[in-house]
Every structure is written in C-alpha cells, then in structure tokens.
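**Q** Copied straight from Swiss-Prot:
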type    : residues                               : note
BINDING : T68, V69, G70, G71, T72, G73, K74, T75 : ATP binding site
Amino acid sequence: MSARPGLLARAEARLTREWQRRGALAWALAPFACAFGAIAALRRAAYARGWKARVDCGVPVVVVGNVTVGGTGKTPTVIALVDALRAAGFTPGVVSRGYGAKIAAPTAVTAASPPQQAGDEPLLIARRTLAPVWVCPDRVAAVRALKAAHPEVDVVVSDDGLQHYRLARAVEIVVFDHRLGGNGFLLPAGPLREPLSRRRDATLVNDPYSRALPPWPDTFALSLAPGDAWHLDRPSRRKPLAQFAGERVLAAAGIGAPERFFATLRAAGVAPATRALPDHYAFATNPFVDDHFDAILITEKDAVKLGTSWRDARIWVVPVEAALDPRLIALVVEKLRGRTSA
C-alpha cells in the first residue's frame, strides 16, 4: 500500500494539534491570520451593509455549518434536522457544495448517484433522508435548481455554506466539536474561518466527553450515538458493536475528525487498532489488503465510496445517529414559521 495516505493523515493530525495551542508555529503565522481576518471581515461587511446583494431564492434556508476547519458532525446534524423538519410538517430539501464532486452546474443527487459525481456527504444525505438533494459550488444556483425541480419543497437545509454570504438564509446553526475554537486564532495560525464571536442563531457542541457547554446564547449539546454495524457486502446483515469486543478489529476513517469515530467505538466496548486516512479519502484501491484483522470498521461516509467491486468480507459499516435537543428544533421551527431573515 502506498505510504501517501498515511503521510497526509499524519500531516493533517500534526497541524490539527498545533492549532490547539499557541505555540511557535501559531505565532509565526499570526500576521497571515490578521490578513486573512481582514479580508474575511471585509467580505462579511460587504453583504451586511448592502454593498453586495444577498439573493433570496424564494424559500427559507437553514444553514448548518462551522467556523472551524475540519469535521464537527455537520452531516449527521443535517440528516437529523431534515427528519425533524419533516416530522414538524415541512417538506425539506438539501443543498451542498459536493466536496470532490466533478460538477460545474447544479446536479441532482439520488441514492444511486456515483460518489465521484455527487460527493460523499451529499450521497450519504440522499440515501439516509430520501429528500431532494442538489449539489453545486454556487449554492444560490443549487437552491434555485432544487426549487424548480421540486416546487413542493418549503425549506432548504444547506450542508455547510456558512461563509457563502450571497445566499440569504433564515437560520444559521454553527456546529463545534469538543475542540471548540482551538487556540482561538484565524487561519492559518489556528482553525478558525471566522471569529468565535460570529453572529448565529444557534450553536451545537458535539463533545463525546460531555463537558460543560460554553456560556454562549442558544447553545445545545449534540449527541452522536452509533447504531449496529452493517456488513458492506450484505447490508441486511447487522451486528451490535459489543459483539466485536473479542475480535482483532481495525477502525479506519477518512473523515475530518477520525479520533472522534475511534472514541465512539471505544465507548461501545471495542478496542480497535486505528488508522486515520485523509479527509475525503477516495478509496481508489483497497488500503486494507495487507492487513490481518478479523473485522474492519469504517464510517458511513467512507462506505458510500466503496463500490460493488469491493469484495472484502471483513468490512463493516458503523452508522451514527444525531440526537437534536428539542429546544433547538423548536427554535428553528419558530424562526421558519416567522420567516425571520438572518
């Protein structure tokens, strides 16, 4: 197996660690962070003051995003929010950039779409929610295309896109993991795309260690719980995680925060060897072919990229369910029914 995935993952992990402290590297990059912050502030001000126009697509938009780099749990949050909005009487659709997708124009994503065209996260959302999902780097174009194809949709959830200021939105939800804002510096000295003080309607904190929530207004805990694993070759075959406890298990993840996946497995009683792959890892070849384990546990996001040509009977997929605080759902529904613009 090529060493490149391991090198990339280690480089990502090293940078992530540096972003959690104000060490020599962070201070060396601080001048660049100041320049980045000035440019970002100017962009925000241009839309806030009307120098540039926001586009109202004729349907309320709920943006689920983050102000930090890396995975925080946005995708399971989007899936849970779509289900909650549907239960509240809405007909939701979803738009996404489609990271890694080879598209230039708005494109519909279905459960049968190839991951190269759809992107891994939109494809997972389409399969889990069965809601209309459209992808495009231009989210305004994606919302317009979705609404034209599905006039029954009365709310659109944007998977990421917090910094896509051109798109008018009714609600903004910012998702953090346990690292919150790291060292508090903007890119490239820290993990922040925008200051922690950035205005939003609600904050979710995905902290597997269940520490106290930060004292921010309208802040809620985000709980992610694993379900029974399902077999990659035979999805109808299920296995509780506890049954892997006595086996030689490898846990592998090509997501933004792989350690969170590993911690989830440990909390369920599994003691796996671990392998962090680069985020959005393509799985062009089987990276496990030379590994000697009884079982290999991967995430749902990675599983959507493994086609029918994969024939590795050791691979099991671990789904994750997000539990949203009822108060958050009530806040979102109230804002949508009031059609308040953020």
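Quick reminder: no glycine exception, Cβ is built from N, Cα and C everywhere.
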**Q** Across all protein chains in the structure, which of the binding-site residues G70, G71, G73 has the highest Cβ count within 10 Å?
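**A** Of the binding-site residues G70, G71, G73, the highest Cβ count within 10 Å belongs to G73.
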**Q** Please list, in sequence order, the residues in the chain of K74 (ATP binding site) that are at least six apart in sequence and whose C-beta is under 8 Å away from its C-beta.
**A** V64, G65, N66, D159, D160, V175
**Q** Within 10 Å of the Cβ of T68 (ATP binding site), how many other Cβ atoms are there?
**A** 24
**Q** What are the non-local neighbours of V69 (ATP binding site), defined as same-chain residues 6+ apart in sequence with CB under 8 A from its CB?
**A** W19, L187, P191, L192, R193
**Q** Cβ within 8 Å of the ATP site centroid (T68, V69, G70, G71, T72, G73, K74, T75 excluded): which residues?
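**A** Nearby residues not in the site list: N66, V175, D177, G256, A257.
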**Q** Relative to the Cβ of T72 (ATP binding site), which residues of the same chain, six or more apart in sequence, are found under 8 Å away?
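**A** Non-local contacts for T72 (ATP binding site): N66, V175, F176, D177, N206, G256, A257.
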**Q** DSSP three-state call for G70 (ATP binding site): helix, strand or coil?
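**A** The three-state answer is coil.
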